[in-house]
Amino acid sequence: MERNIIIWTSQLIYIAMICVLLLTACNSHERSTEGSIVWQFESWKKWATTEELEISIADSFHPHFYEKQKNVTAQQGQTVYLHCIVKNLGDRTVSWIRRRDFHVLTVGETTYTAEGRFEVVHLPRSNNWILKIKLVEIADGGDYECQVNTHPLMSYFVYLTVLVPVASILGEKDLLVSSGSYINLTCIIRHSPSPPMFVFWYHNDRMINYDSSRGKITLKKKENTALSTLYIKNAKALNSGNYTCGPSNADATSVTVHVVNGEKPAAMQHDSETTSASISFTSFTSFLYFGGTLFIVVLSS
């Protein structure tokens, strides 16, 4: 029935165009010279057969995809939306398939998986069929196929990448700082498309975010990376201890800071008879000056 309607429509359009062009040509007494309306009609008639016109009209009513975003990046634990926009869907059905195991997740507005994290979102009179994945996991990464049940089948693919944020504090795990200088710790949260809701800093077991006497804390975001900095000026012995960076979206990471007195910290004072042997066989000492601060790191074998 649908094909007959298309054929009838194409024939009517064909006849109407002939009538309009011939009427225009007669009224204007226009010759069939190159560039004229009659010439254009004659040229068009050579290739625009009824069958070709029928195909052209049929294509305009055929379902087709509108590309939106074929690569999606999400952060573990978040909710992600995969879009599939289908124009001229008609009475066809849209399905979402997970290509990793060819699991049919949704058909139309019905979900076919026991996992409650998956569902289809489709608003009335909308062309967008959205696959919603809650609490996205690493295993969810990969290709997802949006399929329309035409003949042959039509498919549109979206690739999902799931990132796991990782936190680390720049520098060594043990830092030696001279008394009276400053402590500057930078915590980097990588693979974080969305910034952490918070980054808590701890000195030993005490949170110091809201203790202005303990230092200044800043948080910056750049692309998929977040930076949190802890700055403590005029370091004292009581500032020694364990410092932990605890982002809301990643595992915590820690370093140990030793604030020492004098130009030569006690950790570097060796007996004159054993110093050379210790340096040669059991230890390596590194000096680092940064912003007027002396950092001394001792690595022992």
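Backbone N, Cα and C atoms are what each Cβ position is placed from, and that goes for glycine too.
Annotated features, as they stand in TrEMBL:
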| type | residues | note |
| --- | --- | --- |
| TRANSMEM | 6-26 | transmembrane segment |
| DOMAIN | 63-149 | domain 'Ig-like' |
| DOMAIN | 165-256 | domain 'Ig-like' |
| TRANSMEM | 277-299 | transmembrane segment |
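In terms of DSSP helix, strand and coil, the domain 'Ig-like' (63-149) has 3 helix, 42 strand, 42 coil. Break the domain 'Ig-like' (165-256) down by DSSP state and the numbers are 6 helix, 50 strand, 36 coil.
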